[in-house]
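The structure's right below; bear with me while I get my questions together.
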Amino acid sequence: MVQSVKRKQGWHLLQCLGKVFSWRASLSWVLEGLGGEANLKPENVEIHIIDDNFFLKWNSSSESVRNVTFSADYQILGTDNWKKLPGCQNTTSTNCNFSSVELKNVFEKIELRIRAEEGNNTSIWYEVEPFVPFLEAQIGPPDVHLEAEDKAIILSISPPGTEDSIMWATDRLNFRYSVVIWKNSSSLEERTETVFPEDKIYKLSPEITYCLKVKAELPLQSRVGYYSPVYCINTTERHNVPSPENIQINADNQVFVLKWDYPYENTTFRAQWLRAFFKKIPGKHSGKWKQILNCENVTTTRCVFPRNAFPSGIYYVRVQASNGNGTSFWSEEKKFYIEMKTVIFPPVISLKSITDDSLHVSVGASEESENTSVNQLYPLIYEVIFWENTSNAERKVLEKRTEFTFLDLKPLTVYCVKARALIENDRRNKSSSFSDTVCEKTKPGDTSKTWLKAGICTALFSIPVVIYVVRLFLRCVNYVFFPSSKPPSSVDEYFSDQPLKNLLLSTSEEQTERCFIIENASIITEIEETNEIDEVHKKYNSQTSQDSGNYSNEDENSGSKISEEFLQQDSV
């Protein structure tokens with residue numbers, strides 16, 4: 001009995017304690033609802049969005065309390081209309097998926113709140129900071145489908161999200177896909193390529209297992225997605241008809257020339273083209289390829305087609321070979337820019353001086369460009385470079401017009417100009433080479449004309465002065481270097497009867513003594529006086545001869561003259 005009583009007392013004690021604990025737990029929820037305790041409310045709430053999948057996660061401090069659930073509400077910021085968040089009502093876990101929420105716009109701000117519940121008792125709301133779904137969204141892994149050839153793998157990539165995705169509805173065509181591929185036997189030889197949703201990976205080996213993974217990116221938004229799972233595929237055995245290789249396309253006057261390499265003869269070829277923007281559209285586009293004019297069933301490794309076969313734009317070209325044994329796989333696709341193959345010829349420019357401080361430039365099309373359709377297909381603009389001939393400082397003008405006038409120039413100065421043509425609004429800056437350089441001198445200004453007149457007057461006035469100075473100079477030269485051989489008149493009067501003889505041409509005459517018989521002394525006196533005069537005359541004559549450079553033999557002639565006078569007087 002005692003033991004049974006004690007058992008009953010212990011049982012009642014446990015019941016009381018249970019009631020107490022139950023009352024305290026209920027009290028804590030009541031206090032929590034009144035804002036007293038905050039131990040049971042959710043903490044560290046996070047939102048994760050991948051493509052169109054919305055997840056809400058949190059931590060709970062009420063794990064020790066049983067039968068606790070969580071519920072969340074949402075509203076568009078500024079509406080003050082809270083709605084129950086689908087997928088996140090009365091959940092016992094610490095995460096929920098609310099992807100089924102109906103959002104008309106992923107660019108609007110959304111508010112979330114979450115609380116803990118136990119029966120009729122609830123905690124206070126935990127409010128999440130408002131967010132924009134599009135800005136929080138991450139790019140998920142794309143779906144990939146593979147097909148194998150002998151030297152290539154065909155990729156078919158589905159964009160992240162679903163076909164009716166609202167998150168990437170405006171970006172499905174903007175995704176860029178990166179592929180990492182490697183041989184299954186060696187993961188060290190990885191190779192990364194950028195591909196389109198429908199594309200090929202070339203330059204592979206037959207009968208080899210390759211593995212790859214793909215991720216999507218939005219480059220303009222700097223968003224990089226998650227990699228897809230790893231896919232592996234085995235390439236086929238070598239095909240009995242090889243594909244053409246080294247596809248090239250060149251412009252030649254009014255036509256395009258498509259060329260390729262092929263090792264065998266007796267083969268026919270065909271070529272197709274596809275507009276480049278189809279490559280960005282997800283899905284199959286094999287039916288979009290078109291046959292190139294004049295490039296079907298050709299037996300040579302080249303074909304020629306007119307320029308007007310392609311409007312302006314970007315294209316892809318491929319070639320296929322056929323023989324009696326079958327048809328090859330399509331060749332590697334070659335990207336083809338119509339604008340890059342377009343030849344723009346340099347313009348022809350003319351330069352004309354208008355005034356003393358301005359020049360006029362005219363830009364015209366060359367004869368070659370007049371025969372092409374470049375000006376009709378692509379609007380051109382002109383870059384004109386103008387500079388002074390003696391300076392490196394240049395002026396650049398980029399305009400659509402063809403007439404230019406350069407002002408504020410210097411008079412009588414040589415200026416040069418050259419120009420080139422560019423395709424308007426072309427991202428690749430396609431342009432011609434520069435034209436030949438043309439130079440022209442500006443007209444003289446008013447100041448230049450004044451100086452010109454002053455220079456002419458000065459020249460006319462200085463001519464007589466120059467003539468006089470030159471004549472005077474010539475006279476001095478003649479006097480110094482070319483003196484006259486005629487002696488002065490004071491000396492010449494003594495030699496008027498007899499000619500002078502040059503001492504340099506003197507003859508070798510025999511010296512003889514002259515003897516005279518003197519009978520009258522007065523005559524002797526007269527002769528002596530005459531001799532004295534002759535001596536003086538000889539000295540003077542010798543000096544004159546030395547000065548003039550001429551020599552005289554007057555001493556001999558004077559003696560003969562005196563002797564004759566003496567004989568005449570003696571005979572008298």
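Cβ from N, Cα, C; glycine included.
Pulled the feature table from TrEMBL, pasting it below:
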DISULFID  C88-C96  disulfide bond
DISULFID  C211-C232  disulfide bond
DOMAIN    243-341  domain 'Fibronectin type-III'
DISULFID  C295-C303  disulfide bond
DOMAIN    345-445  domain 'Fibronectin type-III'
DISULFID  C416-C439  disulfide bond
LIPID     C476  S-palmitoyl cysteine
REGION    537-572  region 'Disordered'
CROSSLNK  K538  ubiquitin cross-link
CROSSLNK  K539  ubiquitin cross-link
COMPBIAS  541-552  compositional bias 'Polar residues'
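How buried are these features, and what lies next to them?
Listed in sequence order, L56, F70, S71, A72, C96, N97, F98, I114 are the same-chain residues six or more apart from C88 (disulfide bond) with CB atoms under 8 A from its CB.
Other Cβ atoms within 10 Å of the Cβ of C232 (disulfide bond), summed over all protein chains shown, number 11.
Cβ neighbours of C295 (disulfide bond) (same chain, under 8 Å, six or more residues apart in sequence): L258, F269, R270, A271, C303, F305.
For the domain 'Fibronectin type-III' (345-445), the model's average pLDDT works out to 82.
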Can you check which residues sit near C211 (disulfide bond), meaning Cβ under 8 Å from its Cβ, same chain, 6 or more apart in sequence, and list them in order?
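Those within reach of C211 (disulfide bond), by Cβ under 8 Å and sequence separation of 6 or more, are I181, W182, K183, N184, S187, V230, Y231, C232.
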What counts of helix, strand and coil residues does DSSP assign across the domain 'Fibronectin type-III' (345-445)?
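Counting residues by DSSP class gives 8 helix, 49 strand, 44 coil.
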Return the single residue from the recorded positions list (C416, C476) that has the minimum number of other CB atoms within 10 Å.
C476
State the Cα to Cα distance, in Å, between C439 (disulfide bond) and C476 (S-palmitoyl cysteine), rounded to an integer.
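That comes out at 51 Å between the alpha carbons.
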